[in-house]
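Feature annotations, courtesy of TrEMBL:
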type	residues	note
BINDING	46, 53, 54, 55, 112, 117	ATP binding site
BINDING	209, 226	Mg(2+) binding site
BINDING	277, 334, 335, 336	substrate binding site
DOMAIN	9-55	domain 'ATP-grasp'
Ligand code: ADP
Ligand code: MG
């Protein structure tokens, strides 16, 4: 689960991380009222969408010369003008895809002078099964580009969970950023706050880009200027308070509907809808579709107990995708017997008025009864004997329609 920048910063501030003052706003009036509460005279008006690259992004409705989704304002009037232009319009960034995202929230924040920008992130490194800290002097840039062009500028430190974050980790990170003295101490404090936040919220990712050195009358200060925080969805039951930060308007509607039925659904770009039980089998099904020359339209794991209700919901979600030209059901009857699943498939296919070819491969307990139910259903269901057979058949069906 991802949250907005302003929510991430409010959260990180609770863990002692230095962020500039800021206030979220849902309307032009709120934006001006927010700016009035900040010291000024420089403000930043920031579009709040669940995607990065906002600064360099473009609004669909505004001309190519219009400013992006992160704008400096030197007066309340400028804050008002920017808020008016941004709210309700669609911001397209390198991360949103062509469709872009509608801006419904803004963050009005203190504008700071920036000396230098760094990159600092914490994530779960699957290779080491540890939290990794990734630091780079190349802040404010797309980190994937840095990794590609100048990989030597990216430093990674993994943290042993048995010791947790140690002072030496902080020193290594400060050194990687080229910081010494007071700024190094500030970097260590920020890292400690980020680490505590990561553990305390069961985060999956905390990305600060940029972490900036800001000259102030009291000397140089390190500030988190942008924060992207994502939590482990499987741990959310432990964090009811964080669930309130969820903004479902930022989520894919089909994925949202799937989550209500406890279905693991991810939309993909192909034309063969897949309904499978078990994530491993779902992955194998997608692979074999590709091996046969077509592409899956989705990943969908209906889980161990594939009830009629779940199967019906899954069919409906798959069929809402106009790209779907055929459906492959691949279910192993282990916990659930094949005849029960077949009943579910037949009932669901009738209920949703199936309009595309359907290939079903069943295997497991009571498989023959299951196949008989499909064969006697009166529906044009194409039975398949194994995974390879199923993939070939659905690919042939889809190509026959095209
Ligand atoms: P995004 O990564 O989505 O483009 P950022 O929050 O990183 O959005 O903002 C883009 C750039 O805008 C930053 O790299 C920084 O240079 C500048 N910026 C962001 N926040 C501030 C701020 N509070 N004061 C001054 N400049 C800022
Ligand atoms: Mg950024």
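Along the chain as shown, the residues are counted starting at 1.
Backbone N, Cα and C atoms are what each Cβ position is placed from, and that goes for glycine too.
Neighbour density for residue 55 (ATP binding site): within 10 A of its CB lie 16 other CB atoms from the protein chains shown. Note on proximity: among 46, 54, 55, 117, the binding-site residues of the record, the Cα nearest residue 277 (substrate binding site) is that of 54. In this structure, 209, 226 are the binding-site residues from 117, 209, 226, 334 whose C-beta falls under 6 Å of some atom of ligand 2. Take the CB of residue 336 (substrate binding site) and look out to 10 A: across all protein chains shown you find 22 other CB atoms.
Of all the binding-site residues listed here (117, 226), it is 117 whose C-beta has the fewest other C-beta atoms within 10 angstroms.
Only 53, of the binding-site residues 53, 277, 335, 336, place a Cβ under 6 Å from an atom of ligand 1.
Sequence-distant contacts (6 or more apart, same chain, Cβ under 8 Å) of residue 335 (substrate binding site) comprise 304, 305. Counted over all residue pairs in 46, 53, 54, 55, 112, 117, the record's binders of ATP, the longest Cα to Cα distance measures 19 angstrom. Close to residue 54 (ATP binding site) in the fold, though at least 6 residues off in sequence, lie 46, 47, 68, 69, 70, 91, 93, each with a CB less than 8 Å from its CB. Residue 334 (substrate binding site) sits 51 Å from residue 55 (ATP binding site), taking the CA atoms of both as reference points.
In the three-state DSSP scheme, residue 46 (ATP binding site) falls into the strand class.
In this view, residue 53 (ATP binding site) is surrounded by 16 other Cβ atoms within 10 Å of its Cβ, with every protein chain counted.
Residue 53 (ATP binding site) is 46 Å away from residue 336 (substrate binding site) when you measure Cα to Cα. Of all Cα pairs drawn from 277, 334, 335, 336, which the record names as binding substrate, the longest spans 10 Å.
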